Structure formats: C-alpha cells, structure tokens
Amino acid sequence: MSRFARLLLIVALFFTSAWAKTVKETLRITWEEGAPNGQARELIYTNGQFPSPTLVWDEDDDIEVTVYNEMAKNVTVHWHGLDQKDTPWSDGTPGLSQRPIQPGNKFVYRFKASPPGNHWYHSHEKMSLVDGLYGAIHIRPKGDRTGLWSQISQDKDDIKAMENAAYDPEYLVVSDWSQYTSEEYWKISTDSGLLVFCLDSILVNGKGEVYCPGQKFLQAELAPGLVEDAFPPGTEVSDKGCFPADLDQVQGGPWNITKRPDLIPPRVQEGCVASRHENATIVVDPSKNNGWVSMHFVAAATIAQITFSVDSHEFWLYEIDGNYVNPRKFVSAVMSAGETFSVMIKLDQEPGKYTMRIPNSGASQVLGGFAEMVYKGCEHEEKAGKAYLSYGGNPTSPDVEKNSFFPWQLDTDHMSPWPPNKPRPGNADEEHLLVLGRVGAPYNYTMNTKYLYPVDFQNDDPLLFYPNATRDTENDGLVLRTKNGSWVDLILQVSTLPGDTSSFEHFMHKHGSKTWRIGFGTGVWNYTSVEEAIQERPQDFNLETPGLRDTWITAFSIGGEAYWSVFRYFVDNPGPWLFHCHIELHLMGGMGIAILDGVDAWPEHIPEEYQC
C-alpha cells in the first residue's frame, strides 16, 4: 500500500470513528409522588424528572443506556422508531427481546443511533406508559437536507437557517393524564365490566391544568355530527367531556358479562374538579436562524388523539415518525398516540405571547390542552393572535379545516417520503390478514380474530431466544413468521367481529421496521390477493407516493361500516418485533401480535450478556 493510500485510509477511519462515537446514558427509574396538573398522584420519574430526559445523539453513534429499576415493579424501555438493526436484544419489549427488569436490577441497552430523526422512548411493561416513563429522542443526521428545505424557501440564508433550527429544535412531549395510576385505571374497567377512557388533562412537557368549563360548554364543543352519526339522539357528555360509559355504541356487545357502572369511582366519568397549575412555555427568538424555529412533537398519549396549532402561525410539516416528508404548510395537524411530528415555523408575527392549542381531537372526550409560544422579551405581555382551533379541537373556520392535516385516509394524507421512497409494485411475497376488534368483553381486544396477547406473553422465555416456543400451542395464533428478503403485506380489517361493528380508531405501531400504507377502503376484505384488490379498486391504493411510517391509524367505523388497510414492508431486520395498538387500554386488553421477521436468518450470535 502506498503512503498516500495509507494516509487516505487513516483519514477515512478517523472520520468514521468521529461520527460513530460511543455515548453512554444512565436512566434511574423511581416511583414518587408528583402533581403535573396540580393534583397529586404517584408516577414514574426518570433521573428525578418527569417526563424523562430528552436524549440527543448523532446518526450512527454507538449508544449504551444503563437502566436502573429503583421501583417496586418491573420495567423495560422501548426505543420507539429506532430500527435496532442487528441489535434486536435492545428493543425493550418484554417477552420478545428480553425479560422484564425486576426491582433492584439493571439492564444495559446497546444499539446504533439509527435512523436519524425525531423519535422517543417509553416503558413497555403492562400499561405503565400511563404512569409517565417517556421522553424525546433526537438523532441528528449526517446527510445533506438542502433539498428538503429548498421546498420551503429558495433563499440560501433561509435554507441554512432552517438546517440550524432543525439541528437544535424545541421539544414538546405531549401526553394525556389521569388522576389514577395504570393499575388503578385498568382495575376500574375490569371491576365495572366497562371500558373506561375518561381523562383529566393534556400535558405538554409534563405541565398542564385541569379545566372545568362546564357541561353546556363541552356539549357545544362536540365535533359537528358526532352525536347524530355515532350515538343515540340526545346523548350528552359529562362535565368532564366524557360520553356515558354504558352506551352500547361505546362498549359494543352484547357480552356475557355483568356491567356495573356503579363500581366506577366518583370523578372518573363526571365530577370535574379544576386545578390551577402551569402550562409549558416555549420561548423562541426571532433574531436567531433568520426567524425560523423547529419543533419536535412527541405524541406520548395513552388514549388521546392530539391536534396542535399555534395562534396566528402557519407551520411546515417536514417529518413524521422520524421519516422526512415533502413539506406541506398547515395551520393545524392531528397526530395519534405513538407518532412524532417535526414542524418548521417562521416567526414573522408581531412579537408577543401566542397560545398553542393542543386538545384531544378524537371521539373519546372533549378535552382541551394548552401551552404558550413566547417571543423572547415578551414574557410579560398579554396573549395575542388568532385561534385556529376551539377548546375541543374544532376548526374555527372552513378555511382552517381546508388547511389542516388529517391522517384519516389516502385521499387526505399526502405526506410522501423525501427523498422519494416507494415499495415494490404488484404482489408481495407474503400476505397476512389480521382481523381487529373486541371479543368477549368491552376491554378485550384482538389482532387475530380471537387471540388476546397477554401482558406477560413469553416473559420468562423471550421469543428472540426461544423462537419455536409457541409452536404446536394455541399461543401460536399470536405469532406471524416471515422470511428474510421478502415483501410482506399486512391487511388489517376492522368492524367485522360480532359485537364490534362500531369501532374506534386503532393506532398501529410496528417495531423493527417502518411500513408503507398502500391501501385503505371500505367493506369486508374478500380478495384472494392484494393485487386482485388493486385491479378491482385502483382508487383505494397508492404505490407511487405512499407514506412511510411506524405508526398508522385505522378508520373510526360508525354504524357497522367495515374498513380495511394494507401496509407493506421489506424484511431485512431479522428478529421478534411487536405489532400492536398504541392505545394503552387496547394493548393491555390484548391487541398485539408478535412478528418473527426473517426466521430463516434468525440472529445466532447474541452477546452473552443478553442470553436468557
């Protein structure tokens, strides 16, 4: 090797190692009392704070996170949106990639910081997301994003400014909050025989209040047509904005169980008690970055579907689920539990204090949430600006509705990947039909016709280490197996199971890989293949510019109309990956399935420290 070639090799190795630095983090998980909305309860703290610390890394960093469980209950940490390529043992899913971290023990997660973008981490043990273990992750990219920003502005100064703003964004972790712990909340449903999903607050960065604007006000804030289309005439919400718990349209059925609404404690469904506390304040500086600011939103909600807007400010949505998209300008956007959004805002309004409106937009409850975006130096000024959303998340004008992002279906969700990235056309190599819905009780949910995914499924013998443990057992109905290098279609059907003809949305998240949503339509799936469906209903498919994400929404079905969705992905990351609804009540009730991707190339060289 020549001296020059040797020098080039040394330089290349230097820059590779510079990019791939090792970053060590420590997370200490404790159980303490707190009052994020002004009302005390016990919750999870991470390193003494709630929500958990924001973690910022560079693409391809070698990450080592040591988690100390200092609670009296089990825990794991899932790195939501990270692909865990070649490190499935660090995904953080009990029963699939590890055993739960028991009280007093620790676990070391090791993985590459990949892919770049806006992600988050959270607990994955039972319903403990309700208790507060969640935080933002930002992986700064190595690649050039000029082509992304130039779709927003052709000005070179703007392009440079947006790159700087995206490198150092504001983080907004949005969560819903209940006065009850996860164990208490679930017990209310099982004791009463009713699925209960009434909340108390929307929090931003762990801060919020309990609002009690009155029953008449909340009734007037219902989404137009919701009661007429979905509920009996005259249905009224409570003074917390919640629908009556014993409505058949809410609970489904009939089920062979006893309904005991009298066992729902006071203040769960009604009996609102207001509390003044504080809302999050985001201070922005229009003198920096040519007046551009980037905001990373994490929907760490457990039930709610969040809408967000900033009074008088439009924004460019440029990233969803850690995937860059061709930017589009909106005044409000809806995001489902589990999703992450990144937006770019031009600070071109009169300096002042502007309300950020972040209500629950779903049909589950009328519930407002707020934060403040304050221009630097205007912290003590009165609020200014024009509202785009009402307290309950309704657009304040037809023009607002026209310029809002709704992820309901193919014809309204036009957020195509940047740079272009589309799946293989035609038939996939494998197709799996999954029928979603309730079985046996209002709180029992399945992803495969009848099988309920237990909260402790394979906890003692995780499938990464025992991939054949469920064969020849009934539990094999909770497992799908795919081959490495194959294209897979997951066909999800809702509103066809007995007793579940009216179905709320499900927020479906797949670990280990993102999926393209290539199809969405009404009716019962009765096609022999996806290719046949494409030929018969081409208007319901998009294989040229479909979105690419790790969390997708299914349809809100009213009055027995069935819906289906088709998601396509490529298998190149062998391991056991959970596919589940990100509504905590639904996952707790059984809405999950284990996908063993690449069983013919199963990981063999698992580090000894992870061996079970």
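Every residue, even glycine, has its Cβ placed from backbone N, Cα and C.
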Listed in Swiss-Prot for the Cu cation 2 site shared with His122, His582, one of His80, His511, His605: His80
DSSP-derived class (H/G/I helix, E/B strand, else coil) of His586 (Cu cation 4 binding site): helix
Local backbone state of His511 (Cu cation 3 binding site), from DSSP in three classes: coil
His124 (Cu cation 3 binding site) versus recorded positions Asn74, His509, Cys581, His586 - nearest by Cα: Asn74
Secondary structure content of the domain 'Plastocyanin-like 1' (29-142), with strand meaning DSSP E or B: 7 helix, 54 strand, 53 coil
Which same-chain residues, if any, lie at least 6 apart from Asn468 (N-linked glycosylation site) yet have Cβ under 8 Å of it: none
Nearest recorded site to His509 (Cu cation 1 binding site) by CA-CA distance, among recorded positions Asn74, Asn279, His582, His586: His582
Candidates His80, Asn256, Asn279 (recorded positions) with Cα within 10 Å of His506 (Cu cation 4 binding site): none
